[in-house]
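What TrEMBL says about this protein:
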- 106-141: coiled coil (COILED)
- 308-333: compositional bias 'Basic and acidic residues' (COMPBIAS)
- 297-333: region 'Disordered' (REGION)
- 39-72: repeat 'TPR' (REPEAT)
- 73-106: repeat 'TPR' (REPEAT)
């Protein structure tokens, strides 16, 4: 009989008799091309594929067989074996359970199920060990990165004693294998250090800005105490960043206030000088007004701008009063 005249049975027999698994697969495939409903051919093709290590294809053959006959107990068992080789143990156990539902006395399925259970347990234990090792490694790396970050923050001058103390606790927890607690403490240490760094940066910026404004204003001749600047810097050095910022902001307000009073006093002095000159030009005795003006200038020179304004306003009033009185006296003559 020629090749063209061969039946599905002929090709199946060729496959069954062949020794080479590749040939078996070839012949079973030809048989199935003629009769794709041949459940036995699908089953034996799957076995041949197993010998070639082609487990995924093997499983597909068993699936085809089970579509045709879902009660084929041996196919369920063999599918379980293929899944087991792929380390898909839970699926394998499901296949053995199907086989045992069909034939509760099928000893090979019972045996294979026990093997799969052992393998599944070993797999889970291995995964748990690997997860633990990975978790420990990740925690250790995480803690190390945070410790390095905290060291960098400390080296920049930031006071982070709380974070440093927490890192000591982290190391203690790591030594006890309390990895989750160690991670929590490390995150807390990082959070505190970051907040302290932000506080330090804000304080440093506030000091720089207030000092710039202070020097600019002093260069204009305004007399301002530097006590608040020193207080702000001392607070920065001791790590009291909130107090440092408060003092720096208070200094800015003080500078603005002092400059306003300085300008006001200077303007009043100019105004009083003008009034006194006019009185002198009118021939008035301005000694009293001059005395008050000199007192105002003395206060201005020492930075007592409020007292200076008070004296200089009185000086201007006196100069104007003298002039007005002199005018009245002359008009009577």
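Cβ coordinates come from backbone N, Cα and C, glycine included.
DSSP labels the residues of the repeat 'TPR' (39-72) in these numbers: 27 helix, 0 strand, 7 coil.
When Cβ-Cβ distances below 8 Å are used as the criterion, the region 'Disordered' (297-333) is approached by residues 222-224, 258, 261-262, 264-266, 268-269, 271-272, 275-276, 278-279, 282-286, 288-291 of the same chain, each at least six residues removed from its ends.
When DSSP labels each residue, the repeat 'TPR' (73-106) comes out as 27 helix, 0 strand, 7 coil, counted as helix, strand and coil in that order. Per DSSP, the compositional bias 'Basic and acidic residues' (308-333) is made up of 25 helix, 0 strand, 1 coil. Confidence in the coiled coil (106-141), given as mean pLDDT, stands at 88.
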